[in-house]
Structure formats: structure tokens, C-alpha cells
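What TrEMBL records for this protein:
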- B:150: active site, charge relay system (ACT_SITE)
- B:226: active site, charge relay system (ACT_SITE)
- B:260: active site, charge relay system (ACT_SITE)
């Protein structure tokens, strides 16, 4: 482990440990940092794992610091891993100019368009490379669930839909449900995947559900006062329609008054952790 | 209320509301922002209040975002107010040069030395001006407790010791217990109060306890892996000795492995909120 993972920091939290590690990513061709929360139970046994994918502008740190998830993870005995949201330390033209494209905005796809295809393979990083690394390094049981927020909610849905046997359950907070039909998604997919919108469908939760069926267990919370909901970026109604068409088991909860912030996530993260724990 | 308090932001959180307000402070002679968490109960009744004083480099936001306190405050029906940690928007010579003096480091004293005595009256702000403002603006019952972290733990102790009838209980995380005997305190008190160390005693918890007695109920948590403990900045043993001399009711808990971060605070904030609630 010490050969490939460099410990960046560690903090004791609710009897367990938050540890952040730097490592070389081959698939992203850059150094990356991720955070792992190991509950107290991991001292003596292997534990199930929740992947958390964060939203635009976030790093591995936002969820760990703001979601208040360690308390319940420590109670249930679940590990949580937060990857970063894009390759880092690269300097592609325009990479750092927008909050919604490039650094901090990898959108959990595998880019095909130059120059992004040099580094922007966040899907393969989250689904293949990082799991291989952490399963060799930490006492994980192999039981996995996935969740995320906004761009990371889109990521969680797409990862789960491409790997239906891999994740026992999937949930999301205010996910971008139908990226090929909103401005965030059009900008990101156009940049990373090119102009042929047919290729975008492999990265759109609603299209994947229509093509392959819905996840077996899906919980989504959406704040009623979320300005990105009003702006049409999130479109939970499109997810609901797609799940309805294929008979998918979607629990979509509208939470009146809640916005897009981590205060919304913190308010309901306990429900999500218990939801995932029930499905492990 | 709208005349004096300008709403900066609001976020629904655990059924209640975090609201941040800007206002003109007369005693600090500058504009200030504070945060208030109003639990759901405040919609229909007046609620008790916990003052939280933050540590070096913090603003009104750190505790609200990272401590995970809203959940328990919403359950118990307690409001929480986080003042900022120094005057803002001023530009005194050297004010922004150090993390441990000037902006972000008001130390909850009333400065007597120029130029700091123009603005740095954080004690009067926290104990007099801000309470008057918020008790007129929000549904608060008048029952109050106070807590804080590090520099803010010192602040909570000093505020409580000067106002024994005002706060029903006081607690602290890793407080600076004996500032006149550590380098943080020497720098701050020397700068704000001048060279006469006798004047410092009015702002030192250990000296105040020896002079006037201990708080009636005092809970302190100290992490065992706190680098500032090792560096001699915190000195919980001095607080323990002072309380011991006067027969004070101190519960001092050493928490092995915990550091100085908000992960430590989050791990034990529930205990503190319930401690304060029991004393209201």
C-alpha cells in the first residue's frame, strides 16, 4: 500500500478515521487525491463501501467536511470513499476557465475529444482504477453502493446503470438526470464527447434506463427551492418518466424549501446511508 | 428587523433555517456578518440559544458548515448563533499579516492599545451589542449557553466567567485555557492590551476562576492528538488546577486520537448540545 498510496492527512472522526491519499492514476495520467472514511469496525473486520461522487467545483473534501455522514457511517460500519471531481495538475487550454467544464467538472465520462481525452477518463477512474486500488489497500468487504450530488448524482446513476451487478443500491441528491437535454450537460458532453449527440446517450441516465432498465433500488432527494431545478439543469421529472416507462423502482422525494447546498445533503444523508445499508 | 439586519443568505437545514445577516456594529465601528440557526420550533415558540465562538482564522461559517450541529439543535429546539471572530473590512497596519493576530483573531477581548482600540472590542460585541440586536429580532427565550473552540473556547470561558448569571452553562473544545501563559495569548494580549500583564488577568480563564470562582457547569473536550496541546497553547491542566483550587464543577474529557479540527468538534458536539440543554 505504501508503494502506491501516499498519506496526505488523517483525522479521527466518530471513532473512525478520515484518511486522504495521493496516488498516481494511470487512466487519468496525473496524480490524484481521494478521501476514505473508515468506520471503527474496519479495525477488526471488512466493511461495505459507499462511493460518493461530488458535484461541480468540489474536491474529495467537501462531502467529508460538510455532509455529517461520518456519524451514521460509524454507527452502521460503512466505509465511504470520495474521489475528486476531475483530473488535477494538468494544464490543458481553457481547463480552468469555467466552473462547469474542465477542472472540477469531469462529469464522470470518458472523454473522446482532444485534448480532453489525454486525461478526462473519470468514469474509468471511478469504476475501474480506483476500486482496484482501494480493494487491495483497505479492509473492504466487496459490498458496494454509490451516491452523489448534482453532477455526482448523474455520475452515480450512470456508474450504476452501466454496472447493475456491481452496486447493490444507488441514490442521489439533486442529480443532473438528463444531461443531454440541459445546458450543463450539453456543454460538458459537447466538449468531452464531440458533436455527435448519439454518443452522448451512453452517459445519460434517462437514455440508459430506457435502453437497459432502471437500477434495482434508487432513492433520489430533490430540494424544492433548488435554483438549478428551476433553471432546468436537473429534471427529476425526466428520470421519473424514464423509470415509469420501464417499471423501475424509484423513490423520488421532493423536499420543500431545500436548496442545492450541503445543508440539504446533511439534512437527508442519514436516510441515504440507511437505505444503502438495507440493500447490502 | 429589516432596518438593522440585512439578510445575506438562507439555507433550510434539518427543518430549520440557517440565516446569515450583515449589520452595522457600533462597538466595532464596522459592518459585521453573523449566522443564526433557527430550529423548526422557532416557527411557533421562543427557543433557547447557544452562542458559539469560533477559533483562529474562522468566520461565522465554519461551525455552521462543518460541526453537524443543526441536527441536534433541530431535535432539541435550540437556536445557535455564530459571530465572526474579529472586526472586518478595516485595514489597520499589519491587521491581515498573521493568522493569530488581527483579522480572524480578535480573541474576544476589548482592546485598549492603539490602533486596535478603534475596532477590536469583540468582548463587548459578543456580550452586549449582538445579544441586544438578536433578542429584538428573533424568537429567543432568554435562556442562553455559550461554547467555543480554541480561541473561541477561551472566549466562551471568559464571557461566562464575567457573566455568571447570564449563561446557564458553558463548554469548550480544546480551549486556550491560560492565554497569559502561552505564545498565542502573549502575542494577542500584548498587542491588544499592552505590556502591563496585570491587565491581562481579566481575560484569562484560570486567573478569573481563581479570583471569582468557577462556572457552575463546565464541560471541556480536549483531543489527545491535538498538535496545539503538545505545543503548550491550550493547557487544560491549568484549567483543571484552577477549578480544583476553588472547587469548580469541571468535566474535562481527554479524547484519545482526536486532533484540533472540526472532525473532533463534530464527533462530540452532540454531547455538548445535550449538556447545555440539560442546564437550560
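Just so you know, glycine gets a Cβ as well, placed from its N, Cα and C.
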For the active-site residues B:150, B:226, B:260, the one whose C-beta sees the most other C-beta atoms within 10 angstroms: B:150
Pairwise CA distance, residue B:226 (active site, charge relay system) versus residue B:150 (active site, charge relay system), rounded so that it is a whole Å: 11
Distance, residue B:150 (active site, charge relay system) to residue B:260 (active site, charge relay system) (CA atoms, angstrom): 8
For residue B:226 (active site, charge relay system), the three-state class that DSSP assigns: coil
